[in-house]
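*Asks:* One structure is given below, represented as C-alpha cells, and several questions about it will come after.
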Amino acid sequence: MTPTQNEIHPKHSYSPIRKDGLEVPETEIRLDDSPSGPNEPFRIYRTRGPETDPKQGLPRLRESWITARGDVATYQGRERLLIDDGRSAMRRGQASAEWKGQKPAPLKALPGKRVTQMAYARAGVITREMEFVALREHVDAEFVRSEVARGRAIIPNNVNHPESEPMIIGRKFLTKINANIGNSAVTSSIEEEVSKLQWATRWGADTVMDLSTGDDIHTTREWIIRNSPVPIGTVPIYQALEKVNGVAADLTWEVFRDTVIEQCEQGVDYMTIHAGVLLAYIPLTTRRVTGIVSRGGSIMAGWCLAHHRESFLYEHFDELCKIFAQYDVAFSLGDGLRPGSLADANDAAQFAELKTIGELTQRAWEYDVQVMVEGPGHVPLNMIQENNELEQKWAADAPFYTLGPLVTDIAPGYDHITSAIGAAHIAMGGTAMLCYVTPKEHLGLPNRDDVKTGVITYKLAAHAADVAKGHPGARAWDDAMSKARFEFRWNDQFALSLDPDTAIAYHDETLPAEPAKTAHFCSMCGPKFCSMRISQDIRDMFGDQIAELGMPGVGDSSSAVASSGAQEGMAEKSREFIAGGAEVYRR
C-alpha cells in the first residue's frame, strides 16, 4: 500500500499496523516534548486510503483474500445498458466520462455457497477481513467473529469491491459515521462526486453513500467504487425509478432486481431497501405534520397505493436475500416512514415499520446476510432513547444506523448542529453508525465545504459518544489534547484536533506571528489572565505545599487542612505573598 503524502497536518504521518502479512492503516501524530520529558506519538484511526490517480483507482487490497477462499468464480455478468446511466445518456447516445481503469469480470458465489462475513463467522471461520478489523479496532479477532456471527455487527465488504479496507459497524466497536454524496438532476458532475468521496474520507468518513439521482448514475458509481477505501452504500430504488422515466407506479420487481444485480456486480457494499413500508401503514401517516419525508419511502408508498398491494420489495424479500448472499452485500433496512418533524416523532407509523424491519432482519439472517437497521430522523431529546430500546428489542441488536436525529426544527443552515446533538445522544445509547447531516440539509446539495463540515461535526458526535460509553482508548485522545493545552504546546493542539486547518486559522486571526505558537496565552484572555498560565505559576510557586495539603475537605477532622500546623503554614505563605507585592506573575 502506498501511503498518502498530503496529510492534514505536518505532524501527521501514515504509520500502519503490520502483522501476519496485513497492513492496517493508522495515522501517527508526532508530539513535542513536555517540560517533564518526551511524549510518545499519538495514533488515530485512518479512513482516507492510499494516494492514487483517480483515473486508475485504488489497489485491489482484498482480491487475493477473496479468491483464496475458493467459493467464488468470475462470470460474464449482466449486459451493460445505456439506460443504466439514465435518460440523459439515452438522449446523448452515450455516458459521459466513461470509467477506463481496470474492469475485471464480476465475482459471485459458487452454487450452494454463501460468501458473507456472517456465513464465515457462523461457521467458526476468522477471515482476513475479521483479522484486519480486529487490528484496526484493537480487539481480539475472535470477539469480532462472535459479534458478526450474532448479527450485532457487520463488515460490509462486497466481493466486487476489493479496494475497500475492512471496517466494522456495531455498538461494541467505535461509533462510525457515514457521508452522503451524489449528484442530482440540477447539479454536480462525476469529477465533483469523486472529489467529495476523497474529501469525506480524508476527514474521517467511515462509509459513503452514493445517492445520485441525476445523469450518469452507473458511471458515477463506478468511479466512486473504484476509488473508495471505505464501504459504499446506495438506495437502488433511485436508479430503478430513473429507468421507468420517474413514474413510481411503473416500477416492477424485474426492473428493480436487474438494478440490484447491476450494483452488486459493480461492488456496492450495502443497499438501503425500504421493504418495511407496508400498505396498512400508509394511512397512519395522513395526520402527520410532514407526511412521508423519505424519498424511498414515498416512492414505495406511491407504488403500494397505485397497485393496492404490498410492495415488491416486501413480497420478494427472500429473493433479495439470496442475491445479497452471493456477493456479500449487506442490507441497510430503510426507515421509509421516519419522522420528518418533531411533531411526528415516535408515532404509530414509525414504530409499525420498525417492528416489520425487525421481522425482516430475522429473515435475512436465515440466509446469512448481514443487516443494519436505519433510524430517524427528527426526534426531541427526551424521546431518543426509546428508539434505541425498541430497535434493540425488535431487531435483536442488529446495528442501528440513524440520520441524526435532529432535536429541533428551527435552524435551517445549522442542521449539522441540531442533528449532532441528537446523534451524540443516540450513539451513547447504542447506535452503531451515524449518517451525517450537512449545513445544507433541507436547503440544497452539499458542496465540498459542506461535506467537510458534516464529517467533522459527526466525528465529534461519534467520539463524544465513545467517551461516554467508556470505549477503551477513546478518552486518551482528549487527555492528549488536554495535556498539550495545559503545556501551551500549540502545534500539538492543532495536530491533535479533528480539523487542524480551522484551529490554526482561528488562532492566527489574532495572533498570526510564529512566536505566538509557543506563547503561554492566547487572544481570549491575553498574557495576564490566562487561567492555565496562572495555574501553572501556582504549581511552580506552591507545588510542595499543595502536595502536602492534599485535598481540602476530604477525610476526617484530623486532615491536614484542619490541623493547626497547616493553618499556620498557610498564614505564613500569605504574609510572604503580600510582602512580595501580591503579584501572581513575579517580574
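Positions of Cβ are set from backbone N, Cα and C atoms, glycine also.
Quick paste of what Swiss-Prot says about this protein:
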BINDING   ASN180, MET209, TYR238, HIS274, SER294, ARG295, GLY296, ASP335, GLY336, LEU337, ARG338, GLU374, TYR401  substrate binding site
BINDING   HIS378, HIS442  Zn(2+) binding site
BINDING   CYS522, CYS525, CYS530  [4Fe-4S] cluster binding site
COMPBIAS  17-33  compositional bias 'Basic and acidic residues'
COMPBIAS  554-566  compositional bias 'Low complexity'
REGION    1-58  region 'Disordered'
REGION    554-574  region 'Disordered'
*Asks:* When you rank HIS378, HIS442, CYS530 by Cα distance to ASN180 (substrate binding site), which of the binding-site residues ends up on top as the closest?
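*Replies:* Closest recorded candidate to ASN180 (substrate binding site) by Cα: HIS442.
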*Asks:* Please report how many Å separate the Cα atom of GLY296 (substrate binding site) from that of HIS442 (Zn(2+) binding site), as a whole number.
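*Replies:* The Cα atom of GLY296 (substrate binding site) is 16 Å away from the Cα atom of HIS442 (Zn(2+) binding site).
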*Asks:* Counting other Cβ atoms within 10 Å of each residue's Cβ, which of the binding-site residues TYR238, TYR401 comes out lowest?
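*Replies:* Lowest Cβ count within 10 Å among the binding-site residues (TYR238, TYR401) is TYR238.
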*Asks:* Which ones in the same chain are close to HIS378 (Zn(2+) binding site), with CB under 8 Å and 6+ residues apart in sequence?
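*Replies:* The answer is PRO339, GLY340, SER341, LEU342, ASP344, ALA345, GLY404, PRO405, LEU406, ASP409.
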*Asks:* Could you give the Cα-Cα distance between TYR401 (substrate binding site) and CYS530 ([4Fe-4S] cluster binding site), in whole Å?
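*Replies:* TYR401 (substrate binding site) to CYS530 ([4Fe-4S] cluster binding site), Cα-Cα distance: 42 Å.
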*Asks:* Can you give me the Cα-Cα distance between TYR238 (substrate binding site) and CYS530 ([4Fe-4S] cluster binding site) in Å, rounded to a whole number?
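*Replies:* Between the alpha carbons of TYR238 (substrate binding site) and CYS530 ([4Fe-4S] cluster binding site) there are 55 Å.
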*Asks:* Would you kindly give the Cα-Cα distance separating ARG338 (substrate binding site) and HIS442 (Zn(2+) binding site), rounded to the nearest Å?
*Replies:* 15
*Asks:* How big is the gap, in Å, between the Cα of ARG338 (substrate binding site) and that of CYS530 ([4Fe-4S] cluster binding site), rounded to a whole number?
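*Replies:* ARG338 (substrate binding site) and CYS530 ([4Fe-4S] cluster binding site) have their Cα atoms 48 Å apart.
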*Asks:* According to DSSP, collapsed to three classes, what secondary structure does ASN180 (substrate binding site) have?
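*Replies:* SS state of ASN180 (substrate binding site) = strand.
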*Asks:* Cα-Cα, whole number of Å: GLY336 (substrate binding site) versus CYS530 ([4Fe-4S] cluster binding site)?
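*Replies:* The Cα atom of GLY336 (substrate binding site) is 52 Å away from the Cα atom of CYS530 ([4Fe-4S] cluster binding site).
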*Asks:* What is the Cβ neighbour count of SER294 (substrate binding site) at a 10 Å cut-off, with all protein chains included?
*Replies:* 23
*Asks:* Largest pairwise Cα distance, Å, within the listed substrate binders ASN180, MET209, TYR238, HIS274, SER294, ARG295, GLY296, ASP335, GLY336, LEU337, ARG338, GLU374, TYR401?
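*Replies:* Site span for substrate, by Cα atoms: 20 Å.
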*Asks:* What does DSSP assign TYR401 (substrate binding site), in three states?
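*Replies:* The residue in question, TYR401 (substrate binding site), is strand (DSSP, three-state).
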*Asks:* Look up HIS378 (Zn(2+) binding site) in the DSSP assignment and reduce it to helix, strand or coil.
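*Replies:* SS state of HIS378 (Zn(2+) binding site) = strand.
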*Asks:* What's the number of neighbouring CB atoms sitting within 10 A of the CB on GLY336 (substrate binding site)?
*Replies:* 32
